[in-house]
Amino acid sequence: MDFEALKKYSALHPKPAGLALQYGTAGFRSKAEQLDHVVFRMGLLAVLRSKAVTATIGIMVTASHNPEEDNGVKLIDPLGEMLHPSWEEYATQLANAEEQELQKVITEICQKAAVNLHKDASVFIGRDTRPSSEKLSQSVIDGIQVLGGQYHDYGLVTTPQLHYMVCCQNTQGQYGKATLEGYYEKLSKAFMELIKQSHCSGESQRHLKIDCANGIGALKLSEMKPYFPQEVAIHIYNDGTKEKLNHLCGADFVKVHQKPPGGLDMKPNERCCSFDGDADRIVYYYKDTAGHFHLIDGDKIATLISIFLKEFLAKVKQDFKLAVVQTAYANGNSTRYLQDTLKVPVHCVKTGVKHLHHKAQEFDVGVYFEANGHGTVLFSKAAETKIRQLVKEEKDDEKREAAKMLENMIDLINQTVGDAVSDMLVIEAILALKGLTVQQWDALYTDLPNRLLKVQVADRRVIDTTDAERRALTPPGLQEKIDALVKKYKLSRAFVRPSGTEDVVRIYAEADTQENADALAHEVSLAVFYLADEI
Ligand SMILES: CC(=O)N[C@H]1[C@@H](OP(=O)(O)O)O[C@H](CO)[C@@H](O)[C@@H]1O
Ligand SMILES: [Mg+2]
């Protein structure tokens, strides 16, 4: 390793003194001007990771749903998964190393992770539409080059597109072609195969209004449009030409505020959806004739997909194990509906896609969604192989047709990570195939009224949790207080946890009425405020 060159280049990307950041729920996130040294060093780390696993690694510059002034960076592992947790720690150490320690920290990582520096390294880079992203991705390239890695810069792509590219590359094309064209072709072909079999898509059923959060989703959807036949009537709003990224729009805004985004005029009963800033999340919604807003979040998306998969998995008669993975933020009524009505097992894990993804890998078919709309479906290798084999060899028509349906679903779903574009197509296909309107989908169950709040405390790390974040271990007395508050209301539940992406503590509450959910969330936030700051 050329430590002289490293020293020289690192000096061009200096770390602000005293700044310490952590590789959180979704990589590093901060104000863009604080991140130059971090992205340079993540370029270095991506090279080391690539050498360690002898595969292409991805690196995405984005801060997803955060304000436009923020930015962030996350690494993508060989099969398109999130970076392995053991390396998150290395990422934090490297990002926080003072200039003079850099060489030592890199050497330590190489020793601990048995990195063979003589191996080749290959890194795929992508970025979102933030004004700061282009310069930051140049700094990533500096980091990669100083350690002699090869790179391919995909430029503007959605986060899930980059995950897809990495997976394609490392499976030697088995997952698809590692180009944008390959992505569009794979998804549009599977989608068209699926909707061929739908009988009931009237003119009004085909229209979908999409709020793209003024982000990358708008660009990529426009690029994809020519791949669809004209009947697919997609209308793009908040395309980034007029307003700021994520400002009063996007999936996170709609979910948190439980109201429609700005910039999208919604007529009664029209099916609409919102992507987030890097297009890895999606939520649906509509306004009824009385003007009431109805949110269809990740839980209801998981439910719709599960209904569909359960039906077709039963038809192929293979005894595949289907399960749904949620987090504590899942609406209580979604969990009840899935378990009690649909009879699908549900598992609860910690917040963050990596935890959901990991759990979902345990099943033949694992559906995972965060309530905020980030999720996908994973098929085990064995299940996928069997389904493809049935399509080719099964003599029984009904079974073979069902297998074909599942095979197209497998190809339409981005199994590497939640993907707003792919999820949207999955949902549109299911609605068309089942002849469901957005209202019928919404009516599967009624969400319990809920409220998500955040409070700022001196140090959010004083809150430690257990039981998939549903109970607080510290500060002392907090859980007892929450238990007492929860008892005051019907059908109630509340929990708190430190955010992994913002300097806040998140509070979630649900109860029988909106007033009660609001009151409970407010009371719990006061308890957090007093008890956390007393330490
Ligand atoms: C309540 C909530 O929506 N939390 C989000 C948010 O994480 P926090 O750790 O809560 O800040 O951002 C994550 C990354 O996008 C996402 O995975 C997660 O679901
Ligand atoms: Mg996102």
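Backbone N, Cα and C define each Cβ position, glycine as well.
Automatic prediction, not curation, is the source of TrEMBL annotations.
Its own atom aside, the Cβ of SER64 (active site, phosphoserine intermediate) has 28 Cβ atoms within 10 angstroms in the protein chains shown. For SER64, the entry in TrEMBL reads active site, phosphoserine intermediate.
For SER64, ASP276, ASP278, ASP280, the entry in TrEMBL reads Mg(2+) binding site. DSSP assigns ASP276 (Mg(2+) binding site) to coil, not to a helix or a strand.
Taken residue by residue with DSSP, ASN372 (substrate binding site) is part of neither helix nor strand, so it is coil. Taking all protein chains in view, 24 other C-beta atoms sit within 10 angstroms of the C-beta of ASN372 (substrate binding site). What TrEMBL records for GLU370, ALA371, ASN372, ARG497, PRO498, SER499, GLY500, THR501, ARG506 is substrate binding site.
The coiled coil feature in TrEMBL is assigned to 388-415. Sequence-distant contacts of the coiled coil (388-415) (same chain, six or more residues past either end, CB-CB distance under 8 Å): 80, 160, 163-164, 167, 186-187, 189-191, 193-194, 197, 308-309, 312-313, 315-318, 376-379, 422-423, 425-426, 429, 433.
The domain 'Alpha-D-phosphohexomutase alpha/beta/alpha' annotation in TrEMBL covers 52-100 (among others). Per-residue pLDDT, averaged across the domain 'Alpha-D-phosphohexomutase alpha/beta/alpha' (52-100), gives 96.
TrEMBL lists 104-166 (among others) with the feature domain 'Alpha-D-phosphohexomutase alpha/beta/alpha'.
Per TrEMBL, the feature domain 'Phosphoacetylglucosamine mutase AMG1' maps to 178-283 (among others).
Under the heading domain 'Phosphoacetylglucosamine mutase AMG1', TrEMBL lists 297-435 (among others).
According to DSSP, the secondary structure content of the domain 'Alpha-D-phosphohexomutase C-terminal' (452-525) in residues is 25 helix, 23 strand, 26 coil. Annotation comment: TrEMBL describes 452-525 as domain 'Alpha-D-phosphohexomutase C-terminal'.
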Cα-nearest neighbour of GLY500 (substrate binding site) within the listed recorded positions, SER64, ASP276, ASP278, ASP280: SER64
Residue counts (helix, strand, coil, in that order) that DSSP gives for the domain 'Phosphoacetylglucosamine mutase AMG1' (178-283): 39 helix, 16 strand, 51 coil
Sequence-ordered binding-site residues from ASP276, ASP278, ASP280, PRO498, GLY500 with Cβ under 6 Å of an atom of ligand 1: GLY500
Those recorded positions of SER64, GLU370, ASN372, PRO498, ARG506 having Cα within 10 angstroms of ASP278 (Mg(2+) binding site): SER64
Least buried by Cβ count (within 10 Å) of the binding-site residues PRO498, GLY500: GLY500
